[in-house]
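Taken verbatim from TrEMBL:
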BINDING   20-25, D44, 52-55, K68, 113-118  ATP binding site
BINDING   C154, C157, C428, C431  Zn(2+) binding site
COMPBIAS  613-624  compositional bias 'Acidic residues'
REGION    539-584  region 'Disordered'
REGION    600-636  region 'Disordered'
Amino acid sequence: MASAASSEEAVKAAKVLMVGAGGIGCELLKTLALSGFSDIHIIDLDTIEVSNLNRQFLFRQSHVGQSKAKVARDAVLKFRPNINITPYHANVKDSQFNVDFFKQFSVVLNGLDNLDARRHVNRLCLAAEVPLVESGTTGFLGQVTVHVKGKTECYECQPKPVPKSYPVCTITSTPSKFVHCIVWAKDLLFAKLFGDKNQDNDLNVHSKDDSSSKTDVFERNVDEGLEQYAQRVYDHVFGYNIETALSNEETWKNRRKPNPIYIRDALPEDAVQQNGRSWDHKNEEQEPSAMVFLGLRNPQEIWSLADNSRVFLEALKLFFEKREKEIGNLIFDKDDQLAVEFVAAAANIRASSFGIPVHSLFEAKGVAGNIVHAVATTNAIIAGLIVIEAIKVLKGDYQNYRMTYCLEHPARKMLLMPVEPFEPNKSCYVCSETPLVLEVNTKTSKLREVIEKVIKNKLGMNLPLVMVGATLVFEDGDGLEPDEAANYALNLEKVLAELPAPVVNGTKLTVEDFQQELKCSINIKHRDEFDEEKEPDGMVLVGWSGPVDQQVTSNGDKRSVPSSSSADDGDGTAEDISAKPGMKRKLNEILEAKENFDALKKSDVGSSSAQVVDDDDDDLVMFDEDPKQGKKKRLQ
């Protein structure tokens, strides 16, 4: 009874911060309210979409377009009117949510869907010395982990999954999988036609008749009709560009040659002229859709080459007819029906050219949007486990903290696998301040490259300050004097060795983010050359094991494609944490020999890949030893 009483007192006295009000967040808020928590704050930037309604049960059709945090609050107050719920329709990375803001809470509970925000919250919790309960789900998989400064590892103590990537030549010239075609259609063609015109792009922009000119074939001529323009783009990307690729005979010695596809081959002339006559012009509020325009109703149907060609042409025209003001600023969005139709059709036409099996719109959307379909039951289970761990944290019962993994298939007759947390990783640059090493050519690399590629993208700092010894060479953020900002801007364009305080072999950089209250040291090691294929950044950060930036650049040597660590339709996305050598192993190995669990041999664990984009198994890591008998680096 004493334990129950202490739990109840701890719950009533707690002030809780929830970050995320999506699939996990809705279940978590409901469970917190029903468990007796009376002071809850929620941060979520998102608004409610139709696709959320099948699993985020606090929301209804009438709520579409409204703030998730605010609607979730109102829904819970209907059955728990006497508790205090404070919603924030904002980004957790906003300056208002600083260390002082975090210090007011007893515990922070994460239900986020991206690694960047998770890292940010982890750092604020460390700086504020507030316990963090992290979570995630992907389909039937999920996990809950506890992070307490000085007692357990922090969220960034261990490597995170790295997204699949492919050489640019594979995407642009020699695709062999449907995902290659999707990446080409989404990150090259869609971006070229409808995105930022100033962004570098690897597509060939020169036409057959004007190959020596600098004229961009994707630019629409002033007096050119939409039909003519759409067909010209079609013939260029699916016909002429394929012919150009075929001219390099060496490439196709051991590969199947693609077939150029021109509009005259895909559609008879009369079909082109009659393309799409079923659009309801009376309903101007109707969302533009090439499928509706053409009378195609079933998104799970496999379209013919002719159908894909019609959808491609109509989608392109509809962007110019119905959404012309957006052209130049569009970014692919899986919830943008017209964008999905265009990308699916373009990918299928390219797949047809290269002899790759085509996919339905439904399947193509899953690949393009990196959708790992969420399971409401998994969210509910994980939410319950979060509350259990939160109560332990509030009671100070650190001896009983558990990291719990939700499995798709039983291991040792268990679907929920609890393991004791690890102690902090002494080599973690976030919670242990271990110096990093940056291998870089100090004579050719600019400060801007180091800040963008390493400090912001890899280390996740938002407003970095960079010092060389006692000299401040760069600072980001508001409040800078104009002359200071001008000097820092000049420094950005200087190579490292030519900075006011030269950065050469052996130099030590001190990098700090005041918002996150994170500080780390980077030792510089000069290196003359880098492998363009394996080291596309032109620099290598040693001692860092964080996630790779998921956004695909237009002109890099690699193209990132979806990984389950950032799936768009997962709720908080379960991590398949990479190996702690000799201590964790793949789930499938445990399932194959679960009777001999304690005698399993050590093995490596790779990072996971999305279920919808490849045929690799998801790797859920387990421990070699029985969780009850753990010895090595466990929390004591």
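Glycine residues also receive a Cβ, built from the backbone N, Cα and C atoms like all the rest.
A TrEMBL annotation is a machine prediction, not a hand-curated record.
Known features from TrEMBL, placed on the structure.
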{"residue": "G20", "record": "ATP binding site", "Cβ within 10 Å": "30"}
{"residue": "G23", "record": "ATP binding site", "Cβ within 10 Å": "28"}
{"residue": "D44", "record": "ATP binding site", "Cβ within 10 Å": "25"}
{"residue": "N54", "record": "ATP binding site", "Cβ within 10 Å": "11"}
{"residue": "D113", "record": "ATP binding site", "Cβ within 10 Å": "22"}
{"residue": "D116", "record": "ATP binding site", "Cβ within 10 Å": "16"}
{"residue": "C154", "record": "Zn(2+) binding site", "Cβ within 10 Å": "23"}
{"residue": "C157", "record": "Zn(2+) binding site", "Cβ within 10 Å": "23"}
{"residue": "C428", "record": "Zn(2+) binding site", "Cβ within 10 Å": "18"}
{"residue": "C431", "record": "Zn(2+) binding site", "Cβ within 10 Å": "22"}
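Rounded to the nearest whole angstrom, the C-alpha distance between G23 (ATP binding site) and C428 (Zn(2+) binding site) is 31. Taking the mean position of the Cβ atoms of C154, C157, C428, C431 as the Zn(2+) site, the remaining same-chain residues with a Cβ inside 8 Å of that point are L126, E153, Y155, E156, P424, N425, V430, S432. The CA atom of D116 (ATP binding site) is located 15 Å away from the CA atom of C154 (Zn(2+) binding site). Rounded to a whole number, the distance between the Cα atoms of G20 (ATP binding site) and C431 (Zn(2+) binding site) is 24 Å. For C428 (Zn(2+) binding site), the nearest of the binding-site residues G20, D44, N54, D113 in terms of C-alpha separation is D113. Separating the Cα atoms of D113 (ATP binding site) and C154 (Zn(2+) binding site) is a whole-number distance of 18 Å.
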